[in-house]
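Visitor: Right, I'll just put the structure down here and ask away after.
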Amino acid sequence: MTLTVSPQESAHQQDESVTPRTYEVRTYGCQMNVHDSERMAGLLERSGLVKAEGKVADVVVFNTCAVRENADNKLYGNLGMLAPAKEANPGMQIAVGGCLAQKDRDTILKRAPWVDVVFGTHNVGALPTLLERARHNEEAQLEILESLDVFPSTLPTKRDAVYSGWVSISVGCNNTCTFCIVPSLRGKEKDRRPGDILAEIQALVEDGAIEVTLLGQNVNSYGVEFGDRQAFSKLLRACGEIEGLERVRFTSPHPAAFTEDVIEAMAETHNVMPQLHMPLQSGSDKVLKDMRRSYRSSKFLGILDKVRTQIPDAAISTDIIVGFPGETEEDFQATLDVVAKSRFATAFTFQYSKRPGTPAADLPDQLPKAVVQERFERLTALQDQISAEENARQIGREVELMVTAGSGKKAAETQRLSGRAKDSRLVHFAVPEGEETPRPGDLVTVTITEAASFHLVADPLPGSVYRLRRSRAGDAWDLAQAEFCGVPNGAQGTSDGGKSSVSLGMPTIPVLPAR
């Protein structure tokens, strides 16, 4: 499409070269959305926009989730809050993308007519063009594709953490879980070629990253498109050959396709972390059948046994849905039993949310809210107890942490920084008097001194250790700080030197006094 630019518009663009337009990307949902949001930010920056600092941006992009009903409410609530700002500033633009946009393509502009652009999961790369077209034509642009336009990982990226990165190995899903709307929104599975994935990882490492997380709706089915059933385990082993890559994680696998070659690759590849997220969803075989999950509780528990045999210190997390249609008290008790046997480090528990367009939405015996709530509270109480007990076992252990730019809510009060252990447990730690303060991306070895359900603490006590290993990732963080404000800024802000361009609601690392 060719646009004719008037002299007035040309002058307007020249003004913008002096004062660039600002943007913000607000992200809801899963890690795949975080990955896509980083691409949206990269596209906007390549188009000349800069991230907003402290006030409403000229361009606000919502990258949405459609898994839960409250995602709809959150989006429309936030759009409503922006309406006065849009009315006061006609040049402001609002874009809505992601899974909810793919699903509600015909609804968003009706419910929020002040939105300028609606785009889907398959055409992230079109965002700058759609924004410019909406501005030029002075009318909203709706563009939803039914198949992938460009693989998102090939798009420009503005990463929020120079020390780690998300790497998508596939998009879409071939499973047909009755509660899930994602396959209808992201399509059938499409796999990237191994060489492209490894090249992206190598580029991340060369930019300073020491950790990557491999992403897919079902990572262990990777290779189905090119007929290699062991492609994922081979990919993990290939990651082990990349010099400078210290930590490899992945999410999420599916129990039905989780094979022993993957467990062996995890155990035998030095930089694959002792962490596994394995979605259970329900401990009831009847409910699993109704969910169309294609495994049963005995297979699930068998996977955990095999993982713990080969990786004894593995921390295993899960997803669980409470209140699926037709779930009886007996079914729910089966879930509690599997949770008790599994000893998850943590669990992401959800109350079943009826999603129009999914087979489960039409099932009989939808449960009353009060029943679901009561079961949910029993499940979370059990898992919180297990998490606290499993974390208590870490007290006295020496663990290596990668320092993160996010910190705990009480960081300013406690003077603690935060990091992730190899098994992904969150640890808040204090720097001993006289020791050097680490940067995000540096690695510290500490002794765990306290434990709670959701985090660990490492404070300087007699007999405890504190060892700092400065890393390339920390150097990259310093460089990003210098590029943003002229000089490195100690341990403050996000990886790119200021407010995150991709908003996740994460706290920033505190400023510690000189030691």
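The backbone N, Cα and C atoms fix where each Cβ goes, glycine too.
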Visitor: Given that Swiss-Prot annotates C30, C65 as binding [4Fe-4S] cluster 1, state which candidate in C99, C173 belongs to that site as well.
Guide: C99
Visitor: Once the DSSP letters are reduced so that anything not helix or strand counts as coil, what is C177 ([4Fe-4S] cluster 2 binding site)?
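Guide: SS state of C177 ([4Fe-4S] cluster 2 binding site) = coil.
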Visitor: Fewest neighbouring Cβ atoms within 10 Å: which of the binding-site residues C30, C99, C173, C177, C180?
Guide: C30
Visitor: Name, in the order they occur in the sequence, the residues of the same chain whose CB lies under 8 A from the CB of C65 ([4Fe-4S] cluster 1 binding site) and which sit 6 or more residues away.
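Guide: The answer is Y28, G29, C30, N33, A71, G98, C99, L100.
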Visitor: Quick one: mean pLDDT on the domain 'Radical SAM core' (159-389)?
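Guide: Averaged over the domain 'Radical SAM core' (159-389), per-residue pLDDT gives 96.
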Visitor: Going by DSSP, how much of the domain 'TRAM' (392-462) is helix, how much is strand and how much is coil, in residues?
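Guide: So the counts come to 5 helix, 27 strand, 39 coil.
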Visitor: Within the same chain, and leaving aside C30, C65, C99, name every residue whose CB is within 8 angstroms of the centroid of the CB atoms belonging to the recorded [4Fe-4S] cluster 1 site, in sequence order.
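Guide: For the [4Fe-4S] cluster 1 site the neighbour list reads Y28, G29, M32, N33, T64, A66, V67, A71, G98, L100, V182.
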Visitor: Cβ within 8 Å of the [4Fe-4S] cluster 2 site centroid (C173, C177, C180 excluded): which residues?
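Guide: Here the non-site neighbours turn out to be N175, T176, F179, I181, V182, P183, Q217.
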